[in-house]
Amino acid sequence: GEVAALAKSAVAFDPSASDLPAMAESPEQFRGQSRLPRFAEPLRYDLVLRPDLAACTFSGSASAAVAVSSPTRFLVLNAAELAVDRSSIRFQDWAPTEVAQFEEDEILVLGFDRELPLGEGVLAMDFTGTLNDQMRGFYRSKYEYNGEARNMAVTQFEAADARRCFPCWDEPAFKAKFKITLEVPAELVALSNMPVVKETVCGPLKTVYYEESPLMSTYLVAIVVGLFDYIESSTLEGTKVRVYTQVGKTSQGKFALDVGVKSLDLFKDYFATPYPLPKLDMIAIPDFAAGAMENYGLVTYRESALLYDEQLSSASNKQQVAITVAHELAHQWFGNLVTMEWWTHLWLNEGFASWVSYLAVESIFPEWNNWTQFLDETTSGLRLDALAESHPIEVDVNHASEIDAIFDSISYDKGASVIRMLQSYLGAERFQKALASYIKKYAYSNAKTEDLWAVLEEETGEPVKDLMTTWTKQQGYPVIYAKLNGQDLELEQAQFLSDGSSGPGMWIVPMTACCGSYDLNKKFLLKGKTDTMHIKDFAASQSGQNFWIKLNIDQNGFYRVKYDDELAAGLENAIKAKKLSLMDMIGIVEDSYALSVACKQTLTSLLRLLNAYRHESDYTVLSHVTSVCLSVNKISTDANPDLSSDIKQLLIKLLLLAAKRVGWDPKDGESHLDVMLRSLLLIALVKLGHDETIKEGIRRFHIFLEDRKTPLLPPDNRKAAYLAVMRTVSTSNRTGYDVLLKIYKETSEAQEKSRILGSLSSCPDKDIVVQALNLMLTDEVRNQDAFYVLGGISLEGREAAWAWLKDNWDHVVKTWPSSSLISDFVNSTVSPFTSEEKAAEVSEFFATRVKPSFERALKQSLERVRISARWIDSIKSEPSLAQTVQQLLLQEF
Ligand code: BES
Ligand code: ZN
């Protein structure tokens, strides 16, 4: 059993893995290696951990059954920020003669005075460490119980931080079984991946023994120790599912529990494999770096991503909880049972979990129109991947800090989108069947991207590998230029880049087209640079006004389309005549926006196109239209200050019809999506400076202050009201800021806190923005929540925010060391700039400060600044912009 499984995983090893000779002479030879050698591999860990919640330290003992496969004197494993007790180390009965801990490489090398016997032996050692406050490794989180501050102990090991908790072979392909034991204060809840087998109490302490886990990767090991309440339910198969919350708050866990149980049932069918563990716990952690983490059998969440309260949460909070739960539970199969062989294949985890989460949520909440909302993911993937500083889905990574940096929109959103593209090409049923056999084939083991393609090819007979390799090994994506030439539609592909250049990339593009009706459609692979599609039979039934051709039906493909003027005009008419699917309407406005940014079409024509959406009333479409409107508003402020207030008025006018329809007050029996639409439009109108909406927001805010339960300001509309309040705050009139801050301090609801944090920094007054930023440095704001403040910074506050970041840089890097958090700081302060001079200034500041954890984020941000600068130059020379704006403003709706 075990050795066979081991052999299986050894075969799957990446060739880039360290091939260091087992016969090294000294520990020094292992220095500078970011991958572990594989001549010794763990089979089973026996782990005892004793956290001290008061002192914020822990001690532990680990013993690992190790299989030695070639003659060696050395054992090499990972350890970081741990004090290993050298005198405790034994392999069988032997103490090492050399012990070297290379902090830089995060490895521990043990040298023995003799060759280790081939086969199985046991390595044991004791160690101590700190329960840190950095939300990684074994860390402490703070909560309040009966008005008293308390600590809990929590783990977050992905991507490479298990080594901060115990010495281990901390790479995903070293799967082993884990038997965990905890010694903790008797009154606390202590959880791990597996169920408890035995508990003994000794004075104030208890020892909790957990069942041995199946083969799993180190990054999925988890422990939580603190005070919690739980609610419980079970799947159809009888798996116990629990949601743990702060004491007294279990009612907020009901929604997630329900979604969790339904998702498990659904995934079991979809993957044709039962949930692999005896139990599943989901738990809300007050300090949490990411949104959630799929630890095997013990999934951890930040509170806002797990808890839902009928009275206090918004419809969008509800969606976020559902998507997050479905995503993490999808990982229990895709990620935990079958694990990527190395982080290069991270997208197999994240892209798939994201894609499958939409599948689950679509089936649980069909009225949410979830697959149309999926285009949000595709959009962010397309936007990021249009940068020269993007990266391929499959990307070389070695050092731990590089790994963290690829948890980005490429791995998640592009990953999920190319899966959707492939599924639509192969057909849903064939695709599902093949996925199920992939899961079976690689269960309890590891796989690479190519392993998945091989299974799909075998099951479907289609050239999956050739097709998909162009999408996963190559960064970027194509724009397809479509030109009508008589009865022919001429197509040409070129890599799309937002800086207006075209890259060298070439793709095998699954093309679809329909003409005049969705019933008249075609499907083919574009393999070369150009191709021609005959549309004779298509076009015959079409004429004049009604003639339109839409490529990339329902935006199933990860590419953009640039239509010639005639085709574009046809589509504009089709939009006005409501002939197109929601997804296609989204695709057209997104492509058009992206082409404008790249100066491949004018802002003038983008505004004309936006005008075609003025009667639209669907949330999913309008969410893309508003996002484009807000970007246009920002760029026009810098590009054409004289015209920008007219452009603002025009954008307001475009959104106003729909906004008037939904109003401020919820209507009986209205749909989930209309609730989302109301909040979307109110927020957009406030951001665009629409006086009436701002006044009404402030009026309702005052009513809300008198009566926090007033139906006049339900949670869905609060963000809009808070933003409205902050529009009028200034240093001389700061009541609004102080009142919001007071509400922030009073509430214990994470979602409400995040709404307020995202509003405080949106003030046009730069001194107030600085105050909001300074708030992040105080105990009032948890480090996990900094990005809400950063995400809200007003355009007017960007200079002040940048100056603030420079002033506080040393503190910021120390406090937010994780890649995603520090990248947020850089991205949100740098990206809003729009001039070459600013880009140069930023580069200079970071020349001596850049680190691998945010290097790519910095380059991407700088690229965005330069792209904006170029766009502005081009807008300045658009001859008919002013005239078009006036014309559209005068037009009656
Ligand atoms: N595996 C990730 C959590 C993670 C992210 C660990 C980054 C280490 C570094 C988890 O499955 C995840 O993807 N969480 C998402 C939520 C999801 C709904 C997209 C997150 O945290 O945002
Ligand atoms: Zn994930």
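Even glycines carry a Cβ here, placed using N, Cα and C.
Here is what TrEMBL records for this protein:
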- 42-220: domain 'Aminopeptidase N-like N-terminal' (DOMAIN)
- 255-471: domain 'Peptidase M1 membrane alanine aminopeptidase' (DOMAIN)
- His327, His331, Glu350: Zn(2+) binding site (BINDING)
- Glu328: active site, proton acceptor (ACT_SITE)
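Annotation: Glu328 carries the greatest number of neighbouring Cβ atoms among the recorded positions Glu328, Glu350 [cut-off 10 Å, Cβ to Cβ].
Between the listed binding-site residues, namely His327, His331, the fewest other CB atoms within 10 angstroms of a CB are found at His331.
Neighbouring residues of the recorded Zn(2+) site, listed in sequence order and excluding His327, His331, Glu350, comprise Glu294, Glu328, Ala330, Phe334, Gly335, Asn349, Phe352, Ala353, Ser354, Ser357 (Cβ within 8 Å of the Cβ centroid). Taken together, the residues in the domain 'Aminopeptidase N-like N-terminal' (42-220) have a mean pLDDT of 97 on the 0 to 100 scale. Here the residue listed as 'active site, proton acceptor' is positioned 10 angstrom away from Glu350 (Zn(2+) binding site), judged by their C-alpha atoms.
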